[in-house]
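Reviewing the structure listed below.
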């Protein structure tokens with residue numbers, strides 16, 4: 001197989017617009033009955049993969065993957081409705097086993113990359129639940145590949161061997177160039193993800209989704225971390241409103257902020 | 001020499017602990033005595049990045065010895081500068097231009113070699129663009145699960161970090177031998193940069209190949225205080241309506257207060273302000289003395305980046321905007337009138 005063989009790992013997370021609540025026993029965030037969606041940064045990854053194909057680059061196929069509970073199949077259907085060709089669902093009972101840690105996911109992805117002969121992996125820069133910001137970099141490290149994190153622009157040469165990536169850094173952007181294979185992580189500025197149309201949602205139901213388990217890949221899911229507790233942050237006391245600009249200046253002086 | 005033997009003894013104690021299975025009761029006292037931390041410092045064109053010193057402050061909370069690390073061309077001078085930072089016992093430098101841009105493909109193997117040589121139990125770096133890019137790769141090479149963006153040190157193996165855009169605070173205990181950690185800069189005030197007398201030592205350089213080529217950069221230039229470390233921040237949102245209005249209203253107010261400029265995602269996405277100014281879950285985290293914002297509603301993703309500010313003030317015409325629930329001082333009004341008036345009165 002030649003051309004770009006893209007892997008897009010996606011995660012099912014609590015919808016970004018939902019305010020998360022800590023459970024009563026202070027061990028986790030309440031997830032039952034809460035709206036879940038595709039991690040917003042992963043939408044950008046899929047969109048970018050599809051756009052590479054639409055730019056008439058030699059994209060052989062786009063494989064989406066999610067590791068998580070049965071309901072993660074939903075986000076894979078979304079990915080395929082957007083344009084991914086097929087998907088792998090690695091089933092994990094997160095209720096029982098706890099969420100997978102980034103290093104575990106990176107190890108799984110490294111196995112999938114080898115087995116599926118991938119040369120481009122596009123991940124979100126972070127998931128909006130754990131906010132760890134690790135998986136892509138860990139995967140690149142395990143594979144010994146180039147990495148371009150927080151990408152806001154990705155350009156691939158027509159023959160599909162060299163990638164130029166503009167990435168968001170503190171204070172601006174920087175541009176990197178690397179030969180394939182590469183791990184790219186997406187920043188919000190990369191693109192504007194499309195909505196899946198109804199016909200495409202219907203078509204996605206026919207696209208192949210393979211069910212796998214962590215054991216199939218020989219990955220140990222034992223956690224390195226133990227959650228001691230999860231608490232709500234100390235609430236901020238709104239200080240009330242002032243009438244006019246003078247009132248604002250007065251109050252700020254009183255608070256020692258000016 | 002001393003450091004090397006101490007590193008070896010840390011390792012032997014640890015392997016002994018592992019072999020013995022159940023951990024003896026005195027584990028904490030014996031390990032914490034041998035605890036040694038490497039703080040990865042950032043430099044740019046031969047100048048120490050002071051905000052990266054938050055890693056040193058966090059390291060000091062762990063107890064044990066703290067060693068700094070810096071790499072790039074001509075970093076001996078940077079190391080000497082860093083050696084004056086209070087709390088640093090030693091600074092290791094690697095003088096090689098290949099590390100100037102902090103590319104993780106060769107910087108990670110460099111760090112791994114120096115971590116192994118020094119036998120460090122903890123390795124800390126800022127949760128900056130540099131640290132976020134580099135440290136997970138280092139962690140993977142060491143087969144360690146990294147702890148990201150900590151805001152508090154709870155003990156030798158216990159750390160506190162925000163999750164869900166700061167809507168929950170997680171205390172986590174790690175079982176890894178080598179702890180790889182990134183530190184939220186605003187949660188650990190930088191140490192004094194004078195008065196220390198650390199030693200300076202050259203590190204090992206494995207000279208790993210770098211598969212990635214650095215081409216160019218485009219950094220926003222400004223004379224204003226740096227957003228991440230400024231005492232005061234003036235921030236604008238969608239309510240500014242256009243880039244022209246943003247540029248007309250926000251910089252003069254920031255000038256009048258000697259503040260840095262920030263922006264909401266909506267303002268950045270609409271092109272009012274540069275990406276690097278974005279405050280929030282996916283932009284920068286700030287915790288200034290004063291965060292004054294205009295035309296920002298206060299979405300949870302934005303609050304994630306600024307709600308640890310000492311004093312929050314806002315101007316918004318919508319009295320029901322969520323920003324008022326966190327603001328210490330709120331003014332309901334048209335920002336196109338109020339901001340110029342405020343600027344005038346603060347001059």
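Any Cβ shown, glycine's included, is placed from N, Cα and C.
Positions annotated as FAD binding site by TrEMBL: B:238, B:264-265, B:278-282, B:295-302, B:316. On its own chain, residue B:238 (FAD binding site) has B:264, B:266, B:267, B:270, B:295, B:296, B:297 as residues at least 6 apart in sequence with a Cβ closer than 8 Å to its own Cβ. Residue B:238 (FAD binding site) carries a helical DSSP state (H, G or I).
What TrEMBL records for B:37-218 is domain 'Electron transfer flavoprotein alpha/beta-subunit N-terminal'.
The Cβ of residue B:281 (FAD binding site) lies under 8 Å from the Cβ of B:165, B:166, B:300, B:301, B:302, B:304, B:305, each of these being in the same chain and 6 or more residues away along the sequence. Residue B:299 (FAD binding site) falls within neither a helix nor a strand when secondary structure is assigned with DSSP, and so counts as coil. Proximity to chain A (Cβ-Cβ distance under 8 Å) holds for the following binding-site residues out of B:238, B:281, B:296, B:302: B:281. The Cβ of B:299 has fewer other Cβ atoms within 10 Å than any other of the binding-site residues B:278, B:296, B:299, B:302. According to DSSP, residue B:278 (FAD binding site) is assigned to a strand segment. Per-residue pLDDT, averaged along the domain 'Electron transfer flavoprotein alpha/beta-subunit N-terminal' (B:37-218), amounts to 96 for this model.
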